[in-house]
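> Sharing a structure with you now.
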Amino acid sequence: MLSTLRKAGSLARAASAGQRRFLSIHEHQSMTLLNSYGIPTPKSIAAKSPEEAFEVAKNFGASYLCQERLVIKAQVLAGGRGKGKFDNGFQGGVHMVDSPAQAQEIASKMIGSSLITKQTGAQGRLCNAVMLAERRQPAHEYYVAVLNDRASQGVVLVASAQGGMNIEEVAAKDPDAIITTPIDFANGLSKAEAIGVAQKLGFKDEKTQSDAADIFINLYRIFKEKDATQIEINPMALTTDGEVLCMDAKFGFDDNAEFRQKDIFALRDISQEEPSEVRAQKANLNFIKLDGTVGCLVNGAGLAMATMDVLSLHGGQPANFLDVGGGATPETVKEAFEILLEDPKVKSIFINIFGGIMRCDYIAEGVIKATKELNLKVPLVVRLKGTKEQEAKEMIRESGLKIEAFDSLDEAAERASRLAI
C-alpha cells in the first residue's frame, strides 16, 4: 500500500517521462470540479487580484465575517503552503481574515510573489491567485483517495479515520488504520459498499453514513469520467453541525487523455511548471530537470536512465533526463541543446545515442549545428553507436570542433563526469 500512496521523486518521474501522467490543477479549480459532481465543500471563491479579494470577502457578507473568519489560501501547486514563506518575506500561504480590507492586504502580499515550501525548492512557485473560503469547524477529519493500485491492477478507494495528516506516515506507523476497497471499474461503488466504508470509518448515524457514501461514489465517477490518475481528499470532515464536506482536494490527470478532456486541460497553469520542461514538451522532447551538473542528451528512456546511473557510478550527477526519441531531427537536437544550456549549473554535456530507429548522422548534424550557432563553451562528450555510426563520426572529425568522441560508455561517462567537476 505504501507504493500506492507514493511520493514520486525526480528519477521516478524521469523513468515514466515517455508517458507523462501528472497534470495537476489548483485547489479552487478542484473545488469547482467537486461541486459539479454534487460533492459538498465549504463555499470558496478565487480572486486574482487584491481588489478582487476585497470584493469576494465583502460579498460573503458582514454577518458571516462577524461570526466566522474567512480562510485565505495562496493558490500554488505545492504542499506545505501553511508553513511556507514568500520570497518577499511574508510568512505563510494560509491565513484567517476577518474583514475585506484584511483580505485585500494579505492578497497583496501573496499575489505576484513566489511561495517557497518544502516541495517547491528554493525558487518557490509563483502565486497568481488566492482562494477565499468559509471556515467550517471539523468534529473529525478523514482521509479519502481514489487511486490506481499496482498490487490489484485496478482502482481502489483508500480511506482512513486519521485524516488531516501525512497519510504515508499513518500507513507506516499503523497499517490497520488504512481501509482499502477495490472498485469495480465498469460499475463503480455500490451504495451498500460505500456505506460499509463509511461505517468502518466510524460514521455513526444513517445520514452521515449516506452523505459520506455519496462522496465516495461520486469521487469514483470523477476518476473514471475525467481520466484522473489520483484524487486525494485530505481532509474530508464531519463538521460540528453534522455535515460531511471535502475540505481540501488534490487531483492528478492522465496527460494521454488530453485529446478528450479539453475542459480539464484548459485549467493547466504553466506558471507552476519548470519553464525548461514546458519548452521541451512543445518540441516533443521528454525532459525532466534535475539538480546535477552533467547535461544529458539520450535517445530512449531506458538508455537515458542507464546513462544517469553510469554517470553516478563515476561520480557525476545528471542535470536532467532528456530523451529525444526516435524521430529527432537536427533542429530538434539544436532545441535540446538550447534547453540544456539554459541551466547555469551544467558544466559538461554528455550525448549518448544508440542508433536503431534514430540515425546517428542526424544527431551529429544537430550537434555540429548547435555547437557552431550557439558558440558552445561547455565541454561536449559524445558516444554514438548504431545506424549511420561511421558517417556520424566522420562528420564530427571533419567539423574541426572540440568534441570528445568515445566508443565505451564507461569511458565517456567518466570523462563527462570529470569535466563537470
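Each Cβ is built from the backbone N, Cα and C atoms, and glycine gets one as well.
All annotation found in TrEMBL is predicted automatically rather than curated by experts.
As listed in TrEMBL for this protein:
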DOMAIN    25-237  domain 'ATP-grasp fold succinyl-CoA synthetase-type'
BINDING   Lys73, Gly80, Arg81, Gly82, Glu141  ATP binding site
BINDING   Asn234, Asp248  Mg(2+) binding site
DOMAIN    297-415  domain 'ATP-citrate synthase/succinyl-CoA ligase C-terminal'
BINDING   Asn299, Gly356, Ile357, Met358  substrate binding site
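Tell me about the setting of these features in this model.
Within the model, the domain 'ATP-grasp fold succinyl-CoA synthetase-type' (25-237) shows a mean pLDDT value of 93, rounded to a whole number.
All chains included, 13 other C-beta atoms sit within 10 angstroms of the C-beta of Gly80 (ATP binding site).
Using a 10 Å radius centred on the Cβ of Asp248 (Mg(2+) binding site) and all shown protein chains, the other Cβ atoms total 19.
Long-range Cβ proximity for Asn299 (substrate binding site), meaning a same-chain Cβ under 8 A and a gap of 6 or more residues, is found for Asp323, Val324, Gly325, Gly326, Ala328, Ile353, Phe354, Met358, Ile363.
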> Enter the number of other CB atoms within 10 angstroms of the CB of Lys73 (ATP binding site).
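Taking all protein chains shown, Lys73 (ATP binding site) has 23 Cβ neighbours within 10 Å.
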> Among the binding-site residues Ile357, Met358, point out the residue whose Cβ has the most other Cβ atoms within 10 Å, with all shown protein chains included in the count.
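Max Cβ neighbours within 10 Å, all protein chains included: Met358.
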> Given a separation of at least six residues and a C-beta threshold under 8 Å, show me what packs close to Gly82 (ATP binding site) in the same chain.
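The list for Gly82 (ATP binding site) reads Gly92, Gly93, Val94, given in order along the sequence.
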> Round to a whole number and give the Cα-to-Cα distance in Å for the pair Asp248 (Mg(2+) binding site) and Arg81 (ATP binding site).
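About 12 Å separates the two Cα atoms.
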